[in-house]
């Protein structure tokens, strides 16, 4: 069992305008201020706390807050295309029910996420709501249950606003690989939001929802969070139950979260984390209140990182890394030094083996996991004369190019003659 995720005392003193990647990963050469019409992130304050306080004080109603976010979503969605499905009517009903409970004096029954609007990546199952994984093969599929992470959010009072776009089954890093639409970056619609959780990151960045859930197999929460200028967290494997998450690579998949501040992201993690009897790999370690570990900026000394040693991996700054990315990393290192830390370059000679090992393991597990989509149990079915033809044609029509390529790679790596040469070596 992996060790529990340790809460760190984090400092956010300011927010910088991110430098999103251009389409096809061409790094930006300069940073420009967001235009006045852009829904740019504001100061790092807690949207969750603000909503809760305004509801309990009677300053605002959940219906008003929901209407505000839905209005913004409808205004920006034609350009951003963050959501595959928007459950606007259901969200409005839930908000009205919350207002009724507060008005009747049931404030003690109001959960910690009451009135908080959540976007859910479309590879997490949601009861009576489309859950496609961004793939045509699951077009129209509506699960009968919620993923554990989604269920825990609902139990805490959150309102699921809809399902966010992604690269098909999480296989991609730009959100251009969705079978339904291409999501753009809220800061510049000529650029990608990252992926595969690009819809979830873009939705929070554009204030279409308060927070969101994503999944991370090889960077799919961390990278789009960076591209869209929001806080993204990939928890330790096993910290959050994977029950209800459409399996891509089971030994690597993790449910993560996005927020506009560290506090909000920590709050969401405290709600969704914890052991789940439906997932044998989920950790039984006690879940702390992560947000309570955060220290106010006013209570910190001028050099809060005194004595902390931070390593910069040399191999991440070498050939193939865009100059804009290198500049951002060096700028962050300089800022950490100003806060008192000691920054040193370190070398990891085996670093270059990470990507090929990842691709072999992830593709191999994907080829096994995706065998369940055969046109009979799930998704669209193609009319055929025999069973083999039905399987083949249904999968050929339902899967996109990237998914097919990874299935082929994984099947090859797992084949009898190559298992030891590829899959076993990658595991080692």
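Each position is counted from 1, following the chain as shown.
Using the three backbone atoms N, Cα and C, a Cβ is placed for every residue, glycine included.
Features as listed in TrEMBL:
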ACT_SITE  121  active site, charge relay system
ACT_SITE  196  active site, charge relay system
ACT_SITE  220  active site, acyl-ester intermediate
DOMAIN    64-428  domain 'Amidase'
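Mean model confidence of the domain 'Amidase' (64-428) amounts to 95 (pLDDT, 0 to 100 scale). In sequence order, 163, 164, 166, 197, 199, 200, 212, 213, 214, 215 are the residues of the chain that are 6 or more apart from residue 121 (active site, charge relay system) and have a CB within less than 8 Å of its CB.
Cα of the residue listed as 'active site, acyl-ester intermediate' to Cα of residue 196 (active site, charge relay system): a span of 5 Å.
Counting every protein chain shown, the Cβ of the residue listed as 'active site, acyl-ester intermediate' has 33 other Cβ atoms within 10 Å.
Its Cβ placed at the centre, residue 196 (active site, charge relay system) has 33 other Cβ atoms within 10 Å.
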